[in-house]
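**Q** TrEMBL lists these features:
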- R42: L-glutamate binding site (BINDING)
- A76, T77, W101, T151, D171, Q194, N236, T237: pyridoxal 5'-phosphate binding site (BINDING)
- 5-348: domain 'Aminotransferase class V' (DOMAIN)
- K195: N6-(pyridoxal phosphate)lysine (MOD_RES)
Amino acid sequence: MTRAFNFSAGPAALPDAVLERVRDEMLDWNGTGASVMEVSHRGAAFEAMAAQSEQDLRELLGIGDDHAVLFLQGGATQHFVQVPMNIAHGASADYVITGHWGARAAKLASQVCSVRIAASSAQGGFRGLPAAGDWQLDRNAAYVHITPNETIHGVEMHGLPDTGAVPIVADMSSTLLSRPLDISRYGLIYACAQKNIGPSGLVLLIVRRDLLSRAPDSLPEIFRYDRHAAQRSLLNTPATFSWYVSALVFRWLREQGGLQAMAQRNQAKAAALYAAIDGSGGFYRNEVDPAARSWMNVPFQLRDPGLDSTFLAESAAAGLIGLKGHRVVGGMRASLYNAMTMAGVGQLVDFMADFARRHG
Ligand SMILES: *Cc1c(COP(=O)(O)O)cnc(C)c1O
């Protein structure tokens, strides 16, 4: 058994129990005599799985009838464009930029709608959130786009802004399912699966139904969220395997006690790692404003960047993988999604202390 503790930012670790179940069902899924990858998405077995997964997700997040749930493809990046195509309806959209992904979302949206930057923390190097008073929101905007967790910069919004009647659109790719949410406060949530949900290839969308009718008549059917909703995400062949694995993750989350339990664990994991960084006497540092530190992605730098490659080699040899930081910020990054256990974080913290002792 050589399974490592995997701190990859994405595609990221999945729960062992889910992978074991996938292995066990690989040759004969649900009595079909075939794997889930080899059967029709229009068959009874797949349709039952799809319906159950939506119900499990609705129960986990408390999603009511006001919101449709979609299981689409294209990665979060495609939806940077597809969201404005569907719901900007000729008005301009406000974007709040708190890191790399929000900036990408605004840039790509500007190819199909008029984009206003309502606030940005770029000046501070994305080490915190723009002060609430500095948000210049347009009351007539089609929506306000936020990135509640910036995966690369490790900056997370631990509350929601008041945007009045303007719907909030949130790219929750690296934080959805990490804690309970008040879904009624969001117009549209989207998240690629490969961070905190399941394998890549799948994008979850939770869309307030009244926004579905905003799509212009000229928008081709395959891009239309209203058509996908009407066909329960079976307008064309969905990402069947990713959907199935994600459905197993939803079941696993329910067995773990739901999102309240995950939130407690995630907060405790992050607190342990930040304490180790802050308590290292400057050997390690995380420069994010403590009020905006992410529970999911913890970037950290070594005081001596000359030790980076040694840190990566030694940590990998100790069974701790995926710790290389994103090239935009350098250094290290530990991603602590739902599948990362407290035991894994404990091993990382112990390794870091030992490494600092030997190289300090
Ligand atoms: C990973 C990530 C993306 C990009 O997702 P793709 O599926 O590769 O397009 C977008 N936004 C956030 C917040 C991410 O973490």
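Glycine is treated like the rest: Cβ placed from N, Cα and C.
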**Q** Please state how far apart, in Å and to a whole number, the two most distant Cα atoms are among A76, T77, W101, T151, D171, Q194, N236, T237, the recorded pyridoxal 5'-phosphate-binding residues.
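**A** Overall maximum Cα spacing for these binding residues reaches 30 Å.
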**Q** Let me know how many other Cβ atoms fall within 10 Å of the Cβ of the residue listed as 'L-glutamate binding site'.
**A** 9
**Q** Hey, does DSSP put D171 (pyridoxal 5'-phosphate binding site) in a helix, a strand, or just coil?
**A** strand
**Q** Of the binding-site residues R42, A76, W101, N236, T237, which ones put their CB under 6 Å from ligand 1?
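**A** Near ligand 1, sequence order: A76, W101.
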**Q** Return the single residue from the binding-site residues list (T77, Q194, N236) that has the minimum number of other CB atoms within 10 Å.
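**A** Comparing Cβ neighbour counts within 10 Å for the binding-site residues T77, Q194, N236 gives N236.
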**Q** What subset of the binding-site residues R42, W101, T151, D171 lies within 10 angstroms of K195 (N6-(pyridoxal phosphate)lysine), using C-alpha positions?
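**A** So far as Cα distances go, the binding-site residues lying within 10 Å of K195 (N6-(pyridoxal phosphate)lysine) are T151.
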**Q** Pick the one among the binding-site residues T151, T237 whose Cβ has the fewest other Cβ atoms within 10 Å in this structure.
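**A** Taking T151, T237 as the binding-site residues, the minimal 10 Å Cβ count falls on T237.
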**Q** Validating a neighbour-count step here. Other CB atoms within 10 A of the CB of D171 (pyridoxal 5'-phosphate binding site): how many?
**A** 28
**Q** I'd like the Cβ neighbour count for K195 (N6-(pyridoxal phosphate)lysine), meaning other Cβ atoms within 10 Å of its Cβ, all protein chains included.
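**A** Summing over all protein chains shown, K195 (N6-(pyridoxal phosphate)lysine) has 28 other Cβ atoms within 10 Å.
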**Q** In DSSP terms, helix, strand or coil for R42 (L-glutamate binding site)?
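**A** R42 (L-glutamate binding site) sits in coil per DSSP, no helix or strand.
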**Q** Run through the Cβ atoms and count how many others sit within 10 Å of the one on A76 (pyridoxal 5'-phosphate binding site).
**A** 23
**Q** For W101 (pyridoxal 5'-phosphate binding site), list the number of other Cβ atoms lying within 10 Å of its Cβ atom.
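**A** Result for W101 (pyridoxal 5'-phosphate binding site): 21 other Cβ atoms within 10 Å.
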**Q** To the nearest whole angstrom, state the Cα distance for the pair A76 (pyridoxal 5'-phosphate binding site) and R42 (L-glutamate binding site).
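**A** Approximately 25 Å lies between the Cα of A76 (pyridoxal 5'-phosphate binding site) and that of R42 (L-glutamate binding site).
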